[in-house]
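Novice: Provided herewith is a single structure, encoded as structure tokens, for subsequent inquiry.
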Amino acid sequence: MTQDILHRYLFDNADVRGELVQLQNSYQQVIGSHAYPPVLQTLLGELLAATSLLTATLKFSGDISVQLQGNGPVSLAVINGNNLQQLRGIARWDGELADDASLADLFGQGYMVITLTPDEGERYQGVVALDKPTLAACVEDYFNQSEQLPTALWLFADGKQAAGMFLQILPSQEDHNADFEHLCQLTATIKAEELFTLEAQEVLHRLYHQEEVRLFDPIEVSFKCTCSRERSAAAIKTIDQAEVEAILAEDGNVEMGCEYCNAKYLFDAIDIASIYANGTASNTQQ
């Protein structure tokens, strides 16, 4: 299977668009820096695939965030990305999590926030409750509320690989529900193992061999963290200088860590003085 690729496709005889994403390296980079319980590894894989599929529907340059929050043992799971399919993510949890825990078990009274931030234009935010049995169903609910277009998703993850498929009726073609339902029935026969092991062309042939499918050029998906020494310096400047200097006196340096990729940035006394004087550290060493 080609790793970390998203495919978009259309049906020549139906007003429906589709997407298929297969992830491995980017998924491993999201979960590899943290000791996530198996159920959280699976959830983050599904969330990563869902965010990639959502990102492919964007019609602008900018950022996307898909965030799950609640009052259960998992307080946060989030994937952030952009229109270039560059993604990163984290989760926060407390205590033991059962391998078969449901969304309700993990998040309690939870909700999903999808935030779209164009480089130009106004930010959009949609919120839906995590009151469906699966993450895929919750994302479908978001589309039903925000775009009011019939949409279906299938999400899979096993701690090693993640994958997903997406179908949606094209805008202004909502009366073609019969075609959409037929294609959903075909797509629902997909198995995780097929998405994890087969090339996209073979998957589409197995599902839609009686349909005329037009497959577009593949899009690479990657893990990309946006942390930097400069951003860490800017964060330090928001802290009271006396507090930072107390840490410096005790430890000899100030360490800033990234939650997403676990990168560490060290700042010594000269750096700290430069940050509060000029807003930037005096050197560029990590």
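Including glycine, each Cβ sits where the backbone N, Cα and C put it.
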Novice: Which residue in the list Cys184, Cys225 does Swiss-Prot annotate as forming a disulfide bond with Cys227?
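Specialist: That record, Swiss-Prot, gives the partner as Cys225.
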Novice: Just choose from Cys184, Cys258 the cysteine that Swiss-Prot connects to Cys261 via a disulfide.
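Specialist: When Swiss-Prot is consulted, Cys261 turns out to be bridged to Cys258.
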Novice: Let me check the 10 A CB neighbour count of Cys225 (disulfide bond). How many other CB atoms are there?
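Specialist: Result for Cys225 (disulfide bond): 18 other Cβ atoms within 10 Å.
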Novice: Enter the number of other CB atoms within 10 angstroms of the CB of Cys261 (disulfide bond).
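Specialist: Its Cβ has 17 other Cβ atoms within 10 Å.
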Novice: 10 Å Cβ neighbour count around Cys258 (disulfide bond)?
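Specialist: There are 18 such Cβ atoms around Cys258 (disulfide bond).
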